[in-house]
Amino acid sequence: MVVGTKKYSNLDFVPTISDSEDDVPILDSSDDEKVEAKKTTKKRKGKNNKKKVSEGDNLDEDVHEDLDAGFKFDLDADDTTSNFQGWNFLAEGESNKDDAEAFVKKDVDLDKIIRRKGGLVKMAHIDSKQEEETEKEKVEKENDSDDEELAMDGFGMGAPMNNGDENQSEEEEEEEEEEEEEEEEEEEEQEEMTLEKGGKDDEIDEEDDSEEAKADFYAPETEGDEAKKQMYENFNSLSLSRPVLKGLASLGYVKPSPIQSATIPIALLGKDIIAGAVTGSGKTAAFMIPIIERLLYKPAKIASTRVIVLLPTRELAIQVADVGKQIARFVSGITFGLAVGGLNLRQQEQMLKSRPDIVIATPGRFIDHIRNSASFNVDSVEILVMDEADRMLEEGFQDELNEIMGLLPSNRQNLLFSATMNSKIKSLVSLSLKKPVRIMIDPPKKAATKLTQEFVRIRKRDHLKPALLFNLIRKLDPTGQKRIVVFVARKETAHRLRIIMGLLGMSVGELHGSLTQEQRLDSVNKFKNLEVPVLICTDLASRGLDIPKIEVVINYDMPKSYEIYLHRVGRTARAGREGRSVTFVGESSQDRSIVRAAIKSVEENKSLTQGKALGRNVDWVQIEETNKLVESMNDTIEDILVEEKEEKEILRAEMQLRKGENMLKHKKEIQARPRRTWFQSESDKKNSKVLGALSRNKKVTNSKKRKREEAKADGNGARSYRKTKTDRIADQERTFKKQKSTNSNKKKGFKSRR
């Protein structure tokens, strides 16, 4: 360029927008379009603008009339964070409340029935001595006697834990102690056994893989070790693109977590990964960030599905989809698809026709779309992600997983993530992994570092558990401002507890498989927004769900294994926050072994964690009073269940009527639709379920039992069961009789000799 005025010919700097307009050099090669644009804008401003320009001669030269005086450049735009309120649990088409209401099918309003019966009006009030204490005494009592630190034996081997137990008769205590002593030897052996795929045998099973087999299957251990040593101060040091960094900054992500620091660089190289870390450590972002970064360099004009993310539950799939959208919000051209059961099939088909870059799905609906949705195929898939991979590898998903592996291209990248990852080679062979890098950040089967684990010993008071739950929630959250998750074993229990709590004046939600998908999402969203502070759910919600600020997890029923326990309590104390879990412990050996495993984990990781394992004391006298109130409501509870069932039958009949009308009205259109197919016949499904049930119920024998069984098979007549108290008494009597007869025979022989 040639500068038109000599005044600017030798300048070492370029004049900026803040310099006086009179001093701006006139360039010979000026842009005519820009000049015309300037003129048109000046004309629009009219006479008032001319006055301002004339007055501008008297103003400071550094001030321009078209600029905001308070404007500043934000140099740290990538470090700004919005007030993130957690992930959205809304399916496609549910972006606002009106759409959601139109989308949700009509169903029975249980809260309305409970209100008609006198519930959900006022919190039940139970008189007790505890409520008469002053605030100071309450605090002292909570600090001094609510919690007792548990030793490795758990609950002090049957020592009384509270004043309520003193009223128990000595005879009952002696019987319980005798039972505990009888079970003690059995429990020691059961520590070496698997409790329905849980416990310590998983570690033993992993050792069954020989060193040569591991060397052939996995990448060299040095790769994983080096990855774990890498710690990055911020995401910029990971060499990520600016749009991805901007998306992370908008979520408040500042420093990569250990699992993210270890896995992101390796995932960007295209290598297979098997990764494990504690719950709430950022595993979803650990695989979503490298995926989005790699998709930035995809061919822009070719629409194809390149990434498949498989998850075990629908709610988790919806959450992961939202995580991906939030991270990629500033990345242009990346599309997401959701394929989960329970939601509108036609909407999903239309969305998958556009071949989104990333499809997040549950296995069953994913196979359904591959087989029956036009224009959707997986021929160009480059990355397969399995979140909660240990659950996906279990028997319930085995058939679907084998079908999916046969449909996907073999030359893909595989990323497997879980908090309780089982990296046994036998279970991973079917996934066609290529020298996967194994990255286990935390010790296996470890709870969150700031989790306080409390245990309440129920003994033989199972009938008091609903009253105990009510009293515990009221004590932990008297104002209803904390989020509390309650885990139960059965769907029926969750539903009944919701009715009981409602009649006692406590608003709670429920989440389990008997609800429709719309009801499930509605329950999660109400809980997230604190419309209901308590959510009673089955293990459906134990994995992956990341709802912010869940302060307490209550295990109303003990889980089947320690792994499931870890996933349950992992709903709280996430991402470095503090949390508390309270578990109701029965007298079964399975319950007590889980408690021992939890205490042992805390003891072994004392130097690495701030967590505690405590025994919680409760006022059983007050709980007895609450239970009397609950028992007085039994007839009302049954009436509510009957009324709800009747309303459901009416709604079902109306639905069948509408279905019949549609069949008549749109008969030709419905008959013209191609029949949907599945990879299994009905008989295959039944056989698969039977085989799965048999494999789950098969007991794993330890070395001692296996030797006894082998000896019995050889004809040595070894006992196949452990001696009971009755057997021991009978043995003692037989031994005594033998000794008596031997002594009498000796005396007779001595007399005959004489």
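Backbone N, Cα and C define each Cβ position, glycine as well.
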Given ranges 233-261, 407-435, 494-522, 552-580, the stretch to which Swiss-Prot attaches the annotation motif 'Q motif': 233-261
Stretch carrying motif 'DEAD box' according to Swiss-Prot (options 159-162, 387-390, 619-622): 387-390
For the ATP site built from Ala277, Val278, Thr279, Gly280, Ser281, Gly282, Lys283, Thr284, further residues of that chain with CB within 8 A of the site's CB center: Ser257, Ile259, Ala286, Ala419, Arg574, Ala575
All-chain count of other Cβ atoms within 10 Å of Thr279 (ATP binding site): 27
Neighbouring C-beta atoms (10 Å sphere around the C-beta of Gly282 (ATP binding site)): 20
Composition by DSSP (helix, strand, coil) of residues within the compositional bias 'Basic and acidic residues' (724-736): 12 helix, 0 strand, 1 coil
Count of other CB atoms lying within 10 Å of the CB belonging to Ser281 (ATP binding site): 23
Cβ-Cβ neighbours of Ala277 (ATP binding site) (radius 10 Å): 24
